[in-house]
Amino acid sequence: MSLLSLQSKPQLRPTVEDDHHGTPSEIQDNSQIQPPSKKHGSLHRCKTAPAMAVMRDRKPKTPQLPKPKSESSTIIRQAFFLLSLYLLLGVAIYSFNRDEFSGIETHPVVDALYFCIVTMCTIGYGDITPLTPATEIFACVFVLVGFGFIDILLSGVVSYVLELQENMILTGIHIKKSQQGFSARNYIVDVDKGRMRIRLKVGLALGVVVLCVGIGTLMLYFLENLDWIDSVYLSVMSVTTVGYGDRAFKTLPGRLFAGVWLLISTLAVARAFLYLAEARVDKRHRRIAKWVLHRDITIQDLLAADINNDGFISKSEYVIYKLKEMGKIGEKDILQICDQFSKLDTNNSGKLTLPQLLENRL
């Protein structure tokens, strides 16, 4: 009986759609089915799938805000332009009022540039000083302007150069990562986070300090005819912007060198000591994060993390609470995000759906 019932049922035969005539043709034998020729790597959307491409192409009612772009190149252009303008102005004023400044003279333009660089870097050797009230006012305005925006712009240039170096190192490691196993670079570079480890930054910082002091020592020994102890002493006092005034650059070659060396070394050393401070802060943050992640949750934590006041903590509430404990986000950040979500959730359902997003775009 079961055999008869099976034979009486109509057999289902696979059909394919004829692309040329639009009529289905029955396939009698599975062995005769020829697999369609497809190009490797080509994907075809199912005819019954939603037209997501059409939804993606819909233009919103209000134009989207563009993503902020990196301003490194703009900062560099502004830095060189303002630095040139700043130094030209200082050189011009000093050159026309040479008699109102005291100090050893070598060349008018070199002395003027040397005075401007020393003033801008806030070293203050005291070898060239203003004598009249007019030049004293000029020196006050010049140092305040230089200490204000020029230092900020040049610090941005130093940061850009260091970030460029970091990106080049990371790019090289990404390329060679598949070709080799563990290496010393994995110890100093965090490839997953896309940045250099703090120990590498500390090493670079110390290297920059030693390099700047070493170059200054050598040039002072040969250009200013100082002994090694005095050369090291003046080099350290210069790159740290202390400048007691008992030693200074007095020769023409020495002041030409100082015009470039002081401008670069003072900012580089300042950035290096900033990395040392960041290393201590980063170590403290990692210690706090480790304590937050490994400590047991208490009843007070449950009550504090329960944002919805429903008696339990969801995964999202737990993540938010831990991020707040680590200091990664603040209450103000959470409120701003919630406010943005409320604007998108027009029907107050507590979730965002595709129809809502389409409604906002129409």
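Including glycine, each Cβ sits where the backbone N, Cα and C put it.
Whatever TrEMBL says is automated annotation, not expert-curated.
If you look up TrEMBL, you'll see 1-10, 25-35 marked as compositional bias 'Polar residues'. Marked as domain 'Potassium channel' by TrEMBL: 82-161, 209-278. Annotation source TrEMBL lists domain 'EF-hand' at 299-318. The annotation region 'Disordered' is assigned in TrEMBL to 1-43. Sequence annotations record features per position, and here TrEMBL assigns transmembrane segment to 75-96, 108-125, 137-162, 202-223, 256-277.
The average pLDDT the prediction assigns to the domain 'Potassium channel' (209-278) is 91. Across the domain 'Potassium channel' (82-161), DSSP helix (H, G, I), strand (E, B) and coil residues number 60 helix, 4 strand, 16 coil. Taken through DSSP, the domain 'EF-hand' (299-318) splits into 11 helix, 0 strand, 9 coil.
With DSSP states grouped into helix (H, G, I), strand (E, B) and coil, the domain 'Potassium channel' (209-278) comes out at 54 helix, 0 strand, 16 coil.
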